[in-house]
Amino acid sequence: MSAVQEALPAVRGSRDAIVRRFALTDAIFHGMTRAAAILVLVLLGGVAISLFAGSWQALSTFGFSFLTSESWNPVTEKFGALAPIYGTIVTSAIAILIAVPLGIGIAIFLTELCPRPLRRPIGMAVELLAGIPSIIYGIWGLFVLAPFLQTTIQPFIISVFHGIPGLNSLFAGPPYGIGLLTSSLILAIMVLPFITSITKDVFDTVPPVLKESAYGIGCTTWEVTRRVVIPYTRIGIMGGVMLGLGRALGETMAVTFVIGNAHRISTSLFAPATTISATIANEFTEAVGDLYTSSLVALGLILFVITFLILAIARYMLMRIDARTGA
Amino acid sequence: MSTASSLHSRRKSRNSVMMTLCVIAAGIGLAWLALILGALVYKGTAGLSFDVFTQMTPPPGDAGGLLNAIYGSVVMTVIAVIVGTPIGVLAGTYMAEYGRFSKLTTVVRFINDILLSAPSIIIGLFVYELMVRPMGHFSAIAGAVALAILVIPVVVRTTEDMLNLVPNALREAGTAIGAPRWVVIKSVAYRAALSGIVTGILLSIARISGETAPLLFTALNNQFWSSNLNAPMASLPVTIFQFALSPYEEWQQLAWTGALIITLTVLALSIVARSLTGRREDK
């Protein structure tokens, strides 16, 4: 009894020491994880600050005209971003126009029509499209798709729309194979898996009871999709589309191969053009002079701001649908 | 009666038209994948030989391989993963374990998702401003840092998601026997989420091994063998970019072969990663 009492302070002392050591190591680990989380914020902040600093020279030289001028002349050092901005927006918009119906169609196929055992393999195959590196799309587009378009599709379209006003300037020759439309097609394939997988995910959040009750009053599959599933998941689909748009806007290598890199705005979709990211990829290492480099970084800043806004809206929409389903 | 039945048949035929269109859409998606993979295999295997893995990138007109490019890619990828993974795992751990309901986690999750889909060329410009410009020259280490920044968001996302799937009862059991929190995380949560975290790392390797844009103005390229981290280094994607756009047939052939190598690597990695998590979900 007395021996135990004598030993108690020592035991308590060593126990306190162990608890203190545990508390210390835990605090260190906690601090490390917290620091890593904060580093993620710092990274994005660093990107914004460094792009702004790097583009300061160009922005202060050209001011607002950097956004509105079409000239891009390394010799006279006059730079304007209008042509790349135009190319970026047009290629991305056409890509989205192609990819959205396709993506929603595939999502309907996967959730409503596809036999259960095939769902996973087909879903995975579509998602593999997202895993293929963008440079592969570029080399495929340049050597396979562009020659095919040049020899087959484009001459046909040009001859069909030849006499029709409006359309004849939209699809004016000569057929280069490369250009705005080819880039849009490749971008459409590249963003398709993102739109498909998000649309499929939000389709899965529709409560079965809603669909069953619609089927119960005799609706066809298309009517259930059109009147119940799509209205219910509208925000989520929009989020997926915006996410795809964000990807398309920033896509670099695939576009660099097939856009043709011409700093001009043409009414024809077959004409070579350029995008922000393609311009940077093509010209950055060849840019001589601080003003040239700074102008390219300024293009990067514009791209960063546009994609940041689009992606932020997309994430906000997807978060809202997540919150509603409690997922 | 007749109007009702015509309405019925109209609705039915519209339904079959729309559903056929959906099947066609799925067909187009699959056909595109087949077309790309088919062209890659067809054009890539033509140049696939032992030389590709044992010889340096050739000058125009000569035969050669991709050895220095493959080496450069592997070196930069390994460094990027070694740098990026611990940061990603720790940040994901904070979000799932310590600060699951904190404001910081919400903000970091949002920013991380944006980093995840941010254009990689922007990351390249960032590292150019951060490292290349101050150092005065392109270098492999700058390339690796750019890739590491691309690794982080992928790992953060999967780590957080996988740790969130670990049942709280497991953590409570660990805490009940008096283990401090970091021991519970290390010995219980990490162990339970291991396959998911490995998936994240594999996916991040798959992502960076095909990245070209951020390397263009960080690591640049190198026609010769270089193991100096402080000098420009060749990489497979940048070499493909350069060779594919060249007018020389040998270079274009090497570009196709390199493209095949990268694609097979990336697809293998993502299939392994998917099967790892797939098993979890089935349980």
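Using the three backbone atoms N, Cα and C, a Cβ is placed for every residue, glycine included.
Automatic, uncurated: that is what TrEMBL annotation is.
Database features (TrEMBL):
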TRANSMEM  A:36-59  transmembrane segment
TRANSMEM  A:79-110  transmembrane segment
DOMAIN    A:85-314  domain 'ABC transmembrane type-1'
TRANSMEM  A:122-146  transmembrane segment
TRANSMEM  A:178-198  transmembrane segment
TRANSMEM  A:296-318  transmembrane segment
Chain residues in Cβ proximity to the transmembrane segment (A:122-146) (below 8 Å; excluding those fewer than six residues from its ends, i.e. six or more beyond): 106, 110, 114, 177-178, 182-183, 185-186, 189-190, 192-194, 196-197, 200, 251-258
Contact ranking winner - A:36-59, A:79-110, A:296-318 against the transmembrane segment (A:178-198), Cβ under 8 Å: A:79-110
Long-range environment of the transmembrane segment (A:79-110) - Cβ separation under 8 angstroms, sequence gap at least 6: 58, 62, 65-73, 119, 122-123, 126, 180-181, 183-185, 187-192, 195-196, 199-200, 203, 225, 230, 237, 240-241, 244-245, 248-249, 255, 259, 263-265, 269, 273-279, 291-292, 295, 298-299, 302-303, 306
